[in-house]
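Undergrad: Let me give you the structure first, and then I'll get to my questions.
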Amino acid sequence: MAELKNDRFLRALLRQPVDVTPVWMMRQAGRYLPEYKATRAQAGDFMSLCKNAELACEVTLQPLERYDLDAAILFSDILTIPDAMGLGLYFETGEGPRFRKIIRTEADVAALPVPDAARDLDYVMNAVKTIRSALNGRVPLIGFSGSPWTLATYMVEGGSSKDFRHIKQMMYATPEVLHQLLDKLAQSVTDYLNEQIRCGAQAVQIFDTWGGVLSPQMYMEFSLRYMRQIVSGLIREHDGRQVPVILFTKNGGQWLETLAEAGADALGLDWTTNIDDARRRVGHKVALQGNMDPSVLYAPPARIRAEVADILERFGPGEGHVFNLGHGIHQFVDPESAGVFVDAVHELSAKYHQ
Ligand code: CP3
């Protein structure tokens, strides 16, 4: 395996010294890039793109060709696990993800298999191996999964949701059924992430996109509990290097102290919490990743740079910051603006690392 040439992303996650603050963007491969749209058109639909290792590798590398990013993220989706459980994932244009089979009853949950990642998600593992080899040590490769709670929302609602009616009904009316589902998902996610690590992922992130729709009590019981279970089952060292784990609960700012105890190396932060407050609250337990509002990228360059400067100043000197957006980059952003953002992070952060 090629020697890692730029390890500042891994170092920052482990709160080790770096020369400048590392940066990547959630959803950095995607529809805001014309070259992504071209490759996607060539593949046909989104899942065909995910299942073609060469094309998945191509779109993973596209943002790295344009920008001086410090990490690559596997091109795939969080919904590959429910798909491997037999739910039949498909994408309706403009409607987001959908499942042919929906999970609503105890019998539905009991019938769900726990996929064997190496066998049932081999296309993801092939993509990981292909990307890792093509990166040739340029930057580390991030693997990822959805959290059990976030995956369950799609499986029970049948797709995206605004009010989470069905899963919340299950949570309050038949909590034991939801626990059975979340336990199966936690087992599946642990195996899936460990297999990604064995195939070459050098850090992993768990996306808990919908944890923030829960009350504090329900968040601890139905989301955080299962993320903890996963973290305690993950491979933490591979090929002589630590494999950092990042937990990202969108809208989870009020639970940072508890999240910091979950056993992860770093926490992802959306833009609704100031990063200086977050840093004070988590102390030296974890690194922080974030947290610029993705909509700032609609602003002119001077304003983007000012927002980057403000977040760097709030975090202040010292280790443990990976710069990122507070959520995925929007599809209508001008690709030039993403470049302004990435360059600003490197240029304006050097003074905090002397
Ligand atoms: O970050 C990256 O560049 C890696 C790829 C990645 C995708 N999805 C590609 C994708 C990652 C990390 C994800 C994670 C994901 N997928 C999440 C968690 C992160 C988050 O944003 O909160 C969620 C909730 C999903 C589920 C999902 N997949 C949705 C809701 C959609 C539809 C999005 C939309 O705007 O229509 C997808 C499809 C998807 N996943 C696309 C991409 C690039 C767009 C598909 C297309 O090309 O049309």
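The backbone N, Cα and C atoms fix where each Cβ goes, and this holds for glycine too.
Pulled these features from TrEMBL for this protein:
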- 22-31: domain 'Uroporphyrinogen decarboxylase (URO-D)' (DOMAIN)
- Arg27, Gln28, Ala29, Gly30, Arg31, Asp77, Tyr154, Thr209, His327: substrate binding site (BINDING)
- Asp77: site 'Transition state stabilizer' (SITE)
- 142-158: domain 'Uroporphyrinogen decarboxylase (URO-D)' (DOMAIN)
Undergrad: At its widest, how many Å does the recorded substrate site span between Cα atoms of Arg27, Gln28, Ala29, Gly30, Arg31, Asp77, Tyr154, Thr209, His327?
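TA: Among the residues the record ties to substrate, max Cα distance equals 22 Å.
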Undergrad: May I ask for the distance between His327 (substrate binding site) and Asp77 (site 'Transition state stabilizer'), taken between their Cα atoms and rounded to an integer number of Å?
TA: 15
Undergrad: Do any residues, 6 or more residues outside the domain 'Uroporphyrinogen decarboxylase (URO-D)' (142-158), come within under 8 Å Cβ-to-Cβ of it, and if so which ones?
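TA: Non-local partners: 24, 71-74, 76, 78-79, 81-82, 85, 87, 97-99, 102-104, 128, 164-167, 170, 178, 181-182, 185-186, 189, 192-193, 196-197, 201-211, 214, 222-223, 226-227, 230, 249.
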Undergrad: By the DSSP assignment reduced to helix, strand and coil, which category contains Tyr154 (substrate binding site)?
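TA: DSSP assigns Tyr154 (substrate binding site) to helix.
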Undergrad: In angstrom units, rounded to an integer, how far apart are the Cα atoms of Tyr154 (substrate binding site) and Asp77 (site 'Transition state stabilizer')?
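TA: A Cα-Cα distance of 13 Å.
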Undergrad: Compute the C-alpha separation of Asp77 (site 'Transition state stabilizer') from Ala29 (substrate binding site), stating it in Å without decimals.
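TA: Given the Cα positions, Asp77 (site 'Transition state stabilizer') is 11 Å from Ala29 (substrate binding site).
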Undergrad: For a quick check of packing: other C-beta atoms within 10 Å of the C-beta of His327 (substrate binding site), how many?
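TA: Excluding its own Cβ, His327 (substrate binding site) sees 22 Cβ atoms within 10 Å.
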Undergrad: If you count the C-beta atoms lying within 10 Å of each candidate's C-beta, which of the binding-site residues Ala29, Arg31, Tyr154 ends up with the smallest number?
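TA: Counting other Cβ atoms within 10 Å of each of the binding-site residues Ala29, Arg31, Tyr154, the minimum falls on Arg31.
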Undergrad: With the Cβ under 6 Å from ligand 1 as the test, give me the qualifying entries from the recorded positions Arg27, Asp77, Tyr154.
TA: Arg27, Asp77
